[in-house]
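Enquirer: Before we start, here is the structure in question, set down as C-alpha coordinates.
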(Lines of atoms letter the chains of each structure in order from A and count residues from 1; the text may use other names and numbers.)
(Lines give C-alpha, C1' and ligand atoms only; values in the text may rest on other atoms or scores of the structure.)
Protein backbone atom coordinates (compact mmCIF):
# COMPACT_ATOMS: atom_id res chain seq x y z
CA UNK A 1 0.00 0.00 0.00
CA UNK A 2 2.83 2.41 0.81
CA UNK A 3 4.35 1.82 -2.64
CA UNK A 4 1.03 2.67 -4.30
CA UNK A 5 0.68 5.86 -2.26
CA UNK A 6 4.23 6.86 -3.13
CA UNK A 7 3.59 6.18 -6.82
CA UNK A 8 0.49 8.41 -6.81
CA UNK A 9 2.45 11.09 -4.94
CA UNK A 10 5.40 11.06 -7.34
CA UNK A 11 3.24 10.81 -10.46
CA UNK A 12 0.86 13.51 -9.26
CA UNK A 13 3.68 15.90 -8.41
CA UNK A 14 5.36 15.33 -11.75
CA UNK A 15 2.10 15.77 -13.65
CA UNK A 16 1.27 18.95 -11.73
CA UNK A 17 4.67 20.48 -12.52
CA UNK A 18 4.22 19.55 -16.18
CA UNK A 19 0.77 21.21 -16.20
CA UNK A 20 2.16 24.36 -14.60
CA UNK A 21 4.99 24.53 -17.15
CA UNK A 22 2.52 24.09 -20.02
CA UNK A 23 0.32 26.85 -18.60
CA UNK A 24 3.27 29.22 -18.22
CA UNK A 25 4.34 28.54 -21.79
CA UNK A 26 1.04 28.43 -23.68
CA UNK A 27 -1.60 30.41 -21.74
CA UNK A 28 -0.07 33.79 -22.72
CA UNK A 29 -0.42 32.94 -26.43
CA UNK A 30 -4.21 33.46 -26.54
CA UNK A 31 -6.31 35.61 -24.23
CA UNK A 32 -9.63 33.84 -24.69
CA UNK A 33 -8.65 30.16 -24.71
CA UNK A 34 -6.19 28.96 -22.04
CA UNK A 35 -4.01 26.91 -24.38
CA UNK A 36 -1.83 25.51 -21.58
CA UNK A 37 -4.79 23.87 -19.87
CA UNK A 38 -6.10 22.59 -23.18
CA UNK A 39 -2.67 21.18 -24.07
CA UNK A 40 -2.33 19.51 -20.67
CA UNK A 41 -5.80 17.96 -20.93
CA UNK A 42 -5.23 16.68 -24.47
CA UNK A 43 -1.79 15.24 -23.70
CA UNK A 44 -3.12 13.67 -20.50
CA UNK A 45 -6.06 12.15 -22.36
CA UNK A 46 -3.69 10.68 -24.95
CA UNK A 47 -1.33 9.28 -22.30
CA UNK A 48 -4.17 7.71 -20.32
CA UNK A 49 -5.53 6.16 -23.54
CA UNK A 50 -2.15 4.53 -24.17
CA UNK A 51 -1.95 3.52 -20.51
CA UNK A 52 -5.33 1.81 -20.46
CA UNK A 53 -4.64 0.02 -23.73
CA UNK A 54 -1.21 -1.06 -22.52
CA UNK A 55 -2.40 -2.19 -19.09
CA UNK A 56 -5.33 -4.13 -20.56
CA UNK A 57 -2.91 -6.14 -22.73
CA UNK A 58 0.01 -6.43 -20.33
CA UNK A 59 -1.70 -7.90 -17.29
CA UNK A 60 1.57 -8.75 -15.55
CA UNK A 61 2.56 -5.08 -15.05
CA UNK A 62 3.07 -4.08 -11.43
CA UNK A 63 0.06 -2.04 -10.17
CA UNK A 64 2.53 0.59 -8.96
CA UNK A 65 3.20 1.56 -12.59
CA UNK A 66 -0.52 1.74 -13.32
CA UNK A 67 -1.27 4.20 -10.52
CA UNK A 68 1.94 6.17 -11.13
CA UNK A 69 0.94 6.86 -14.74
CA UNK A 70 -2.87 7.04 -14.62
CA UNK A 71 -3.96 8.24 -11.18
CA UNK A 72 -0.69 10.03 -10.44
CA UNK A 73 0.79 11.61 -13.56
CA UNK A 74 -2.39 11.96 -15.63
CA UNK A 75 -4.36 13.05 -12.58
CA UNK A 76 -1.79 15.76 -11.85
CA UNK A 77 -1.38 16.78 -15.48
CA UNK A 78 -5.04 17.07 -16.41
CA UNK A 79 -7.18 19.47 -14.51
CA UNK A 80 -10.89 19.74 -14.43
CA UNK A 81 -10.84 22.32 -11.63
CA UNK A 82 -8.61 24.78 -13.51
CA UNK A 83 -10.60 24.18 -16.69
CA UNK A 84 -13.85 24.87 -14.81
CA UNK A 85 -12.48 28.06 -13.27
CA UNK A 86 -11.25 29.31 -16.64
CA UNK A 87 -14.69 28.73 -18.17
CA UNK A 88 -16.31 30.65 -15.30
CA UNK A 89 -13.85 33.53 -15.80
CA UNK A 90 -14.72 33.67 -19.50
CA UNK A 91 -18.43 33.71 -18.63
CA UNK A 92 -17.91 36.49 -16.07
CA UNK A 93 -16.13 38.54 -18.74
CA UNK A 94 -19.10 38.07 -21.06
CA UNK A 95 -17.17 35.88 -23.50
CA UNK A 96 -19.94 33.33 -23.84
CA UNK A 97 -18.89 32.03 -27.26
CA UNK A 98 -15.30 31.53 -26.12
CA UNK A 99 -16.49 29.79 -22.96
CA UNK A 100 -18.66 27.40 -24.98
CA UNK A 101 -15.86 26.77 -27.48
CA UNK A 102 -13.46 26.10 -24.60
CA UNK A 103 -15.87 23.53 -23.12
CA UNK A 104 -16.35 21.72 -26.42
CA UNK A 105 -12.68 21.71 -27.42
CA UNK A 106 -11.52 20.45 -24.01
CA UNK A 107 -14.18 17.77 -23.62
CA UNK A 108 -14.44 16.50 -27.18
CA UNK A 109 -10.69 16.84 -27.71
CA UNK A 110 -9.94 14.86 -24.57
CA UNK A 111 -12.36 12.09 -25.53
CA UNK A 112 -10.93 11.99 -29.05
CA UNK A 113 -7.32 11.85 -27.82
CA UNK A 114 -8.07 9.02 -25.39
CA UNK A 115 -9.88 7.01 -28.06
CA UNK A 116 -7.14 7.72 -30.63
CA UNK A 117 -4.37 6.65 -28.27
CA UNK A 118 -6.22 3.50 -27.25
CA UNK A 119 -6.86 2.63 -30.91
CA UNK A 120 -3.29 3.40 -32.04
CA UNK A 121 -1.72 1.40 -29.23
CA UNK A 122 -4.12 -1.51 -29.68
CA UNK A 123 -3.52 -1.57 -33.44
CA UNK A 124 0.25 -1.39 -33.06
CA UNK A 125 0.37 -4.28 -30.59
CA UNK A 126 -2.13 -6.56 -32.36
CA UNK A 127 -0.58 -9.82 -33.42
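Glycine is no exception: its Cβ is also placed from the backbone N, Cα and C atoms.
Dumping what Swiss-Prot says about this protein:
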TRANSMEM  4-24  transmembrane segment
TRANSMEM  35-55  transmembrane segment
TRANSMEM  71-91  transmembrane segment
BINDING   75, 78  Na(+) binding site
TRANSMEM  103-123  transmembrane segment
Enquirer: Look up residue 78 (Na(+) binding site) in the DSSP assignment and report helix, strand or coil.
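Expert: Once the DSSP labels are grouped into three classes, residue 78 (Na(+) binding site) ends up as coil.
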Enquirer: Just how many other Cβ atoms lie inside 10 Å of the Cβ on residue 75 (Na(+) binding site)?
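Expert: So the Cβ neighbour count for residue 75 (Na(+) binding site) comes to 18.
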Enquirer: Residues sitting near the transmembrane segment (71-91): Cβ under 8 Å, six or more positions beyond its termini, same chain?
Expert: 7-19, 23, 32, 34, 37, 40-41, 43-45, 47-48, 51, 98-99, 102-103, 106, 110
Enquirer: Tell me which residues of the chain lie with their Cβ under 8 angstroms from that of residue 78 (Na(+) binding site), as long as they are six or more apart in sequence?
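Expert: Looking at Cβ-Cβ distances below 8 Å from residue 78 (Na(+) binding site), excluding near sequence neighbours, one finds 15, 19, 40, 41, 44, 45, 48, 110.
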